[in-house]
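Record features, source TrEMBL:
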DOMAIN    8-76  domain 'PglD N-terminal'
BINDING   Gly73  substrate binding site
ACT_SITE  His143  active site, proton acceptor
SITE      Asp144  site 'Increases basicity of active site His'
BINDING   His152  acetyl-CoA binding site
Amino acid sequence: MSQQKKPLIIIGSGGHAKVVINVARVLEWPILGITEANQEKINKDFLGISVIGLDDKVFNYSPEEVQLVNAIGSIKSSLKRKVIFDTFKAKGYQFATLVHPSAIIAQRVEIDEGAQIMAGAIIQPDACIGSNSIINTGAIIEHDCKISKHVHIAPGVVISGNVIVGANTHIGVGAKIIQSVKIGTSCTVAAGAVVTKNVEDDSLVMGVPAKTIR
């Protein structure tokens with residue numbers, strides 16, 4: 001996966017930003033600055049990088065000059081993460097796809113724009129990772145899985161083969177999903193859950209085996 005390494009603007013300065021900044025630095029990808037929604041953080045440093053302005057500061061730079069990194073990672077901010085991606089894409093900006101060198105990516109894996117593959121993740125053949133999705137630290141995505149857009153696969157998740165995860169869904173830390181299950185759109189799978197059957201759209205499931213809470 002070859003990308004032109006234009007200077008990066010990191011959008012957000014929370015915990016997930018620390019992780020994506022580390023990946024960018026490991027990849028020796030230059031970082032121009034950070035933008036923030038919180039006015040109080042403007043003109044301060046974050047991990048030695050200047051917070052250059054509010055998120056609309058991005059518009060001071062043309063899409064030809066920079067690439068963006070969506071550093072919003074919290075489960076509570078999943079909609080905001082989608083809005084940021086869609087807003088800047090509509091203006092012609094490109095989001096960098098970040099893959100930590102320690103991740104294991106098999107042949108015939110499709111990774112779409114703006115996806116973030118963190119340290120120790122494993123993605124097996126014929127899996128697809130949708131745009132603006134996070135495959136977090138140590139997660140395993142087995143063969144023939146389809147991870148849709150704006151999905152967060154949290155650290156330590158194990159997803160068996162032929163699973164489909166719908167857009168805007170969050171799979172919590174350490175959850176396990178057995179083979180050939182379909183998870184709907186805008187779902188939350190709680191940390192540690194074991195999913196053994198399909199999950200309908202807009203559902204919250206938790207437990208072992210996972211049960212629908214709403």
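Keep in mind that glycine also has a Cβ here, set from the backbone N, Cα and C atoms.
Using a 10 Å Cβ-Cβ cutoff, the residue listed as 'substrate binding site' registers 21 neighbours. Long-range Cβ proximity for the residue listed as 'active site, proton acceptor', meaning a same-chain Cβ under 8 A and a gap of 6 or more residues, is found for Ala106, Gln124, Pro125, Asp126, Ala127, Gly161, Asn162.
Cβ-based neighbour count (10 Å, all protein chains) for Asp144 (site 'Increases basicity of active site His') stands at 18. Within 10 Å of the Cβ of the residue listed as 'acetyl-CoA binding site' there are 28 other Cβ atoms, across all protein chains. According to its DSSP assignment, Asp144 (site 'Increases basicity of active site His') is coil. DSSP classifies His152 (acetyl-CoA binding site) as strand under the three-state reduction.
Counted with DSSP, the domain 'PglD N-terminal' (8-76) comes out as 23 helix, 22 strand, 24 coil.
Looking at Asp144 (site 'Increases basicity of active site His') and Gly73 (substrate binding site), their Cα atoms lie 25 Å from each other.
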